[in-house]
Amino acid sequence: MMKMKQQGLVADLLPNIRVMKFFGHFVFNYYDDNSSKYLHKIFCCVNLFLLLLQFALCAVNLIIESADVDDLTANTITLLFFTHSIVKIIYFAVRSKYFYRTWAIWNNPNSHPLFAESNARYHAIALKKMRLLLFLVGATTVLSAIAWTVLTFFEHPIRKLVDPVTNETTIIELPQLLLRSYYPFDASKGIMHVIVLIYQFYWVLFMLIDANSLDVLFCSWLLFACEQLQHLKQIMKPLMELSATLDTVVPNSSELFKAGSAEHLRESENQPPPPVPPQGDSMLDLDLRNIYSNRQDFTATFRPTAGMTFNGGVGPNGLTKKQEMLVRSAIKYWVERHKHIVRLVTAVGDAYGFALLLHMLTTTITLTLLAYQATKVNGVNVYAASTIGYIIYTFGQVFLFCIFGNRLIEESTSVMEAAYSCHWYDGSEEAKTFVQIVCQQCQKAMSISGAKFFTVSLDLFASVLGAVVTYFMVLVQLK
């Protein structure tokens, strides 16, 4: 069967999509062929059933051990910790159309021949960073699952029962497993112990990866948007220099049209002037069909005798009408690309905003209980290692999307600074108007909100960290 060639963000994020498919997310698009789609649906349903089964068994164990406050707190933290994964698997399955729409939003971006090199460079940078992010988070997740498993065998778990009548303490040995869980059979020895160990390792690994793969997808979208904003800031200066040719006689102005980036413009300043190319041989005789979204903008024909001729060109700058049109089209390219980025960020917020709200609600409760658990640490042991591991991992999840949300805010607001810093005063009147509009539009930063309740930024991370530290200090004082 013929393989389907992916494009846009789907092609860029294909490794992430494959990870999501392999670990049980309900991604039923983007197959190389349709033969495996049915099998993948069966796998996703079976995987979700196994994950929900172990989650329910842990909940039953929580109810059984609810008499002891410390056991109740520890079991609650475990359930809340893995609630992220269950929520995100179901959330993606229910709202998958929003994710597909976001993946497809960059399938047909506008382009411009003068800035193709800059666009390709920043796209390559974004692609490299997205792959690196996926690798780092994936490696951290696998190492966390391995560390969880190894830590299990450092200490034999026990449970203390206190008789309310005689006040006698009875110690019960528990199965040496990754999770405290109820099973209707003896899982402490024999083949059943091995089977349960394998099942729990599979459960921990899949749950961690299912949650983090969706977080990495969210961060990759924001990373891509930030690099596109970098691209727009980088071409602002050459855009103004190109625009200056429309109003002012510039010697060798045809050199400006060879610039694909600001670096090229700076490199060409000290070069000897090239000979004027014959009419019709200029590199500006390019296909402009991808610059505009409609044909009315570029299908207009110009009379060859229109305007004043100057050195074989049209107008006092020595530019042909087609060259002037190319300069003006560069401004429209910038505006349309910025609108495209805004649409991408809006789609990301629609797809993932409510999941962020659920994540922060669960994390707040988890960190509150972990602060209580931290007051019980009295030495270097398995309890201390597991508590510290929970805290670092939970804060790491919040920091991951907060750092990228904060960068989006910074990059979107710095566009205004880049527009003002370029030589807009040497540009054409329409370029000056363009800079004024850019400064007005970019005063409000692009951002991602958690269903309108909070903005994803480092301020959010700082507030969560500060609240947890304050609560911990209060508990220490009360203790």
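FYI, residue positions are counted from 1 along the chain as it appears here.
Using N, Cα and C of the backbone, Cβ positions are placed for all residues, glycine too.
Since this is a predicted model, take the numbers as computed values, not measurements.
Here is what Swiss-Prot says about this protein:
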CARBOHYD  Asn167  N-linked glycosylation site
REGION    261-280  region 'Disordered'
TOPO_DOM  1-43  topological domain 'Cytoplasmic'
TOPO_DOM  65-73  topological domain 'Extracellular'
TOPO_DOM  95-133  topological domain 'Cytoplasmic'
TOPO_DOM  155-190  topological domain 'Extracellular'
TOPO_DOM  212-350  topological domain 'Cytoplasmic'
TOPO_DOM  372-383  topological domain 'Extracellular'
TOPO_DOM  405-455  topological domain 'Cytoplasmic'
TRANSMEM  44-64  transmembrane segment
TRANSMEM  74-94  transmembrane segment
TRANSMEM  134-154  transmembrane segment
TRANSMEM  191-211  transmembrane segment
TRANSMEM  351-371  transmembrane segment
TRANSMEM  384-404  transmembrane segment
TRANSMEM  456-476  transmembrane segment
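Counting Cβ pairs closer than 8 Å and at least 6 residues apart in sequence, the transmembrane segment (74-94) and the transmembrane segment (44-64) reach three or more and so form a contact. On the 0 to 100 pLDDT scale, the topological domain 'Cytoplasmic' (1-43) averages 83 in this prediction. By number of Cβ pairs under 8 Å, the transmembrane segment (44-64) is matched best by 191-211 from the list 134-154, 191-211, 351-371, 384-404. Counting C-beta pairs under 8 angstroms (sequence separation of 6 or more), the transmembrane segment (351-371) fails to reach the transmembrane segment (134-154), with fewer than 3 such pairs. Counting only same-chain residues 6+ beyond the ends of the topological domain 'Extracellular' (155-190), those with a CB under 8 A from a CB of the stretch are 54, 57-58, 60-61, 64-65, 68, 71, 74-75, 78, 148-149, 196-197, 200-201, 203-204, 381-382.
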